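A.B. asks: Quick one: the structure is below, questions incoming.
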Amino acid sequence: MSSADRLTHLQRLEAESIHIIREVVAEFRKPVMLYSIGKDSSVMLHLARKAFAPGPLPFPLMHIDTTWKFREMIAFRDQTARDLGLDLLIHTNPDGLRDGVGPITHGSGVHTDVMKTQALKQALTRYGFDAAFGGARRDEEASRAKERVFSFRTATHQWDPRNQRPELWSIYNARIQTGESIRAFPLSNWTELDVWQYIHQEDIPVVPLYFAKPRPVIQHNGMWVMVDDDRLPIPEGAAPEMKSVRFRTLGCYPLTGAVASTATTVAEVVAEMLNSRTSERAGRAIDHDQAGSMELKKRDGYF
Amino acid sequence: MADDGRTFDAAATEAVLSGKAAERDLLRFLTCGSVDDGKSTLIGRVLYDSKLIFEDQLKTLERDSKARGNAGGALDLSLLVDGLQAEREQGITIDVAWRHFTTDRRKFIVADTPGHEQYTRNMATGASNADLAVLLVDARKGVLVQTRRHATIARLMGLRHVVVAINKMDLVGYDRATYEAIRDDFVAFAREIDLPEPVCIPVSALMGDNVVNRGDGMPWYDGPALLPFLEEVDVVQTSTQTPFRLPVQWVNRPNLDFRGYCGTLASGRVRPGDRIVVNPSGRETTVARVVDFNGDRAEAIAGESITLTLADEVDVARGDLLSPADARPQVADQMAAHIIWMGEDPMLPERSYLLKIGHTTVPAQITEIKYRLDVNTHSKLAAKHLDLNEVAFCNLSLARPVPFDPYEENRGTGGFILIDRTTHQTVGCGMISFGLRRASNIHWQALEVDKAARAHQKHQKPCVLWFTGLSGAGKSTVANLVEKRLMAMGHHSYLLDGDNVRHGLNRDLGFTAEDRVENVRRVAEVSSLFVDAGLIVLVSFISPFRAERRLAREKVAAGEFLEVFVDAPLEVCEQRDVKGLYKKARAGEIKNFTGIDSDYEPPEAPELHLRTDQAEPDELADQVIQALRARGLLRE
C-alpha cells in the first residue's frame, strides 16, 4: 500500500478536530469559542478557520479576562483579532472587579473561582450560548482523560463525571434541553508535543512568552514569577532579576511559573520539552491545591 | 520524554518536527480485561519501560504507591493509569479513560475500559474508535466467561485485530504448556465467533517480560513482545480501498459564488471529475473541486475532513451521503441490526427513539427483537425488552429512509446511536446487518376519497383530544361531557376509552411496560385512522409515558392533536378510587399500577391542563370546547 493511503498522526488529529468543530456548528443554535490566548487556543482557532474556509468563522470568540493576564497576552489577543477580523467578546466578572479580587490578595483558589469559573458562567448565561469550544486536552490531567468530546453541562453549568453520555464512532449526541449546554473539546486527543509539531508545521503564531528572552523575575510561592506590572509585591530587600526564561503554559502571571530556558524557536522549545522531566501542568499553581483538585473545579464549571 | 542516556539536540528535534518522526501514524487501541487481570499495571509498565514517565509524575507515583499502592510499598504502576477520584476510592476503573504515548515509530491512543459485565457499554464505546484490542487473560485462570464476553464485543464492534496478552506468567513459573493451552483455547473460541486470527503473547506486566523488552523469563517464546508488535502491526485502514463515502456534515455558503459540501470521508477517495450520487435522493452529478484551507487539491482520502463543490446545482443537505454512481449505499427505512443497550431504562419495542446515523437524526422504533445475544456464552435467547448492557439482534423501522452500508463492510456508515426522546441520553448503539425490503414492497394505496373530502362532508375539522392522567383523575367523566356537547352541536365524534378498548382490540395486552407501550401504540393508530375518517376523536387513556403520547401526536398532522392533561393529586385520585383499584394496588393485588408501583410522566407542554380537584367537570368540559373553538376546529 502506498504511503499516500496513510494519514500521518497530525493529519488524522486535524481531520478529527475539524469534524468536531463543524458538528457543533451544525447542531447548536449559538456556539462560542473560548479563547484563552495560549498555544492550544491558537491551534484550535487555526483548525476552526480551516473548517469553514473559504468562509469566515460562523461564531464569536470569547476571552474571560481576569485582568491578571500577561500584558503580552493581551497585546497578542488584540493583534490576532485585528489580523483575522474576528468577532471577539471580552468578559470580566464585574463583582470580582468591584471587590478587587486578585491572586495576590485573595489567593489562587478564590481568584480562579471568582475571576475564571464564575466569570465564565456569567458570560455563557448572559449571551445565551448553548455550546462553548474549549482547548482542553485529555493528556493534561487525570480527570480530563475521561472527559467526553461533547461534555454535557446542566443549566447551572455543572459537570457530572458519573453521568456522561457514551460517545461512539464520531457520531455525537447533541441533544440538550433549553438552558442546558455543552462544552466541546476539539483537541481532546492531542498531546503537548502534537500541539507544538502542528504549530511548527502550520506556522501558527503564538504569544512570544513561549520563547525565551531575558525577563524580570522574582521568587514567589516557590516559582519564578515574572514582574509584569507593579501589582506584584516585591519583598523588602529583594529585587527582580533578569533571567532568560520562557513559559510552558500561560495563565494569570502571578500564578504562572517561568522556566529557565534559552529556546527561542519552536524547534528549540520542542527540544527542551523532549529533554524535560516534568509534565506540563507542574508549573500551574491551581492543580496542586488538593488531590483531585481539577476534578472538583470542573464539576463546578471550570473549563 | 527522553530516556536516561539520550538528549535531543537541534538536529534530533528537527527530525521530530519535519523528518521521519513527523510521518508517524496513529494507532488507537483498546485494553480490556477484568479488574485483577493487571490491565492498569500493563499500561503503566508500557509507559514506565518506554521512559515515558515524567519526574513529577514519578514522584507522585512513589508517594501514592506507599500510601495506597497494592505492591507492598514498591512502585504500583497501575496508579499511573487510574483517573477520577470516585474510582480511586472504589479501587476500580469506572469509565473509559484515554492515554497517550508516542514512541519513535508511532503515536498511540489507548482507551482503557473496565472489565465488569455492567460496563459492556464502556467497552463498546472504547472499541468503536479503536483499530485493535488488547485482551488480558490471567495465566492462572485461563479463558474465562469475561474473556469470551470481551472477544464477542470486539467481534460485534468490528475490530479486525485482536491481541491476547496472557498476563501474570511470573505466577505460573513462566510455564510454556500453560501459555499454549490458553492460546489454543482462545483461538478455538475465536474461530467459533468468526473473530480474526488473534495474536497471543505471554507477558508479565509486573516483572516486565514481553511488554516492552523480551526479559529472560520466557526464552521458549519466539514471537514479538507487546509494544514492538503494536509498533509494527499494519492497521492501515482498508477504508481507502472501500468505495467513496462522504456523509455531508455542513453546507458552506459564505457568498453567492461558493457552495461547498463539507464532511469527513468515511471511506475511499475522491477526485475532481468523479461521477457521484447524492443519497437518498439518487441524483447524479460530478465533483467539480476538492477544496481545503489552502485551496484546490487533486485528491482526498478516507479520514480527511474536506469540502467538495459540485458541477450541477443539485439539492444536497446535511445528512445526505455522497457515493460513486457505480457503488451506491443501501437506502431503506427498515433494517436489521445488532443493538447494544446503554440506557438505565429498558429498551421497549415500538417505543419511539431518535436514531442518529452519520449526520441524520430520525425517529425510529425497534419493531422486533429477533433474539438476545448472551455475550458470555454466545447463545441466542428470546427477549421482550432489553436491559442495560444487553445485546440483541433486532428489526428497526425508521420514520424515513436513510442511506447506509452494512457495518461489516463500512464502520463509518453502518453504525448508529439511539437517543432517548425525553432525557436526551444516548441509550444505545447499533451495527446494521442489512436493509429490509418489506416497506418498499407494501405500496401505499392512494385513495380518491381523502381526509379532506370526508371532513368536508361532515362540515368539521377532524382532530384528536388526548386525555391523559392518573386513574381516577376524571378523564372519562370530562371526555364524556365534551362528547355530549359536541353531539349537541351536530359534530361527529368517537370516544376511545382505555377500559373499553382493553375488552376488545387490546384484550391480549397486560400491564407491563412493554404492553402499555403497545396498548397506546394501537390506540394512536386507531385515532389516526378516525381522524382520517373525518371524526373528532376523544381518547381517554392513562397513557403514562411521554414517549408514547409523542408518538400519538406524530401520527396526525400538526394542529390536529390536543393533549389534555387531566390532573389531580394522587391522594385525591386514591381517595376517589371509583373502581376500587387503588385499594387493590396498595394491597399488592394489582401489579404495575400507575402512581403506585409504575411511573406517570406528566405532560411537559399540554395544550390544556385541567385541575379536576379545583373545578367542576362541567366547567372543565366548557374549557375544552372553548379551546377547540379558539383553534377554529368547531363550526361557528
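The backbone N, Cα and C atoms fix where each Cβ goes, glycine too.
Per TrEMBL, the feature active site, phosphoserine intermediate maps to B:S543. If you look up TrEMBL, you'll see B:33-40, B:112-116, B:167-170 marked as GTP binding site. Among the features that TrEMBL reports, ATP binding site is placed at B:G469, B:L470, B:S471, B:G472, B:A473, B:G474, B:K475, B:S476. Taken from TrEMBL, the feature domain 'Tr-type G' covers B:24-240.
If you look at the structure here, what lies around each of the features I listed?
C.D. replies: In the three-state DSSP scheme, B:S543 (active site, phosphoserine intermediate) is classed as coil. Taking the Cβ of B:S543 (active site, phosphoserine intermediate) as reference, residues of its chain lying under 8 Å away and at least six apart in sequence are, in sequence order, B:W466, B:T468, B:V520, B:R549, B:A552.
Within 10 Å of the C-beta of B:K39 (GTP binding site) we count 26 further C-beta atoms, all protein chains included.
The DSSP secondary structure for B:G469 (ATP binding site) is coil.
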A.B. asks: In the three-state scheme derived from DSSP, which category covers B:G474 (ATP binding site)?
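C.D. replies: Where B:G474 (ATP binding site) sits, the three-state DSSP reduction gives coil.
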A.B. asks: Restricting to the same chain and to sequence separations of six or more, state which residues have a Cβ under 8 Å from that of B:G469 (ATP binding site).
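C.D. replies: In sequence order, the residues whose Cβ lies under 8 Å from that of B:G469 (ATP binding site) (at least 6 apart) are B:K475, B:I542, B:F565, B:V566, B:D567, B:A568, B:Y600.
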A.B. asks: Using C-alpha positions only, work out which of the binding-site residues B:G33, B:D36, B:K39, B:T113, B:M169 is nearest to B:G474 (ATP binding site).
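C.D. replies: Checking each of B:G33, B:D36, B:K39, B:T113, B:M169 against B:G474 (ATP binding site), the shortest Cα distance is to B:T113.
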A.B. asks: What is the separation, in Å, between the Cα atoms of B:D36 (GTP binding site) and B:S471 (ATP binding site)?
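C.D. replies: About 51 Å separate the Cα atoms of these two residues.
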A.B. asks: Could you pull the average pLDDT for the domain 'Tr-type G' (B:24-240)?
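C.D. replies: Result for the domain 'Tr-type G' (B:24-240): average pLDDT 83.
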A.B. asks: Can you tell me the CA-to-CA distance separating B:L470 (ATP binding site) and B:T113 (GTP binding site), as a whole number of Å?
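C.D. replies: B:L470 (ATP binding site) and B:T113 (GTP binding site) have their Cα atoms 43 Å apart.
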A.B. asks: Pop the Cα-Cα gap between B:M169 (GTP binding site) and B:S471 (ATP binding site) into the table, whole Å please.
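C.D. replies: So the alpha carbons of B:S471 (ATP binding site) and B:M169 (GTP binding site) sit roughly 64 Å from each other.
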A.B. asks: Do me a favour and check the Cα-Cα span between B:S476 (ATP binding site) and B:M169 (GTP binding site); whole Å is fine.
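C.D. replies: Given the Cα positions, B:S476 (ATP binding site) is 71 Å from B:M169 (GTP binding site).
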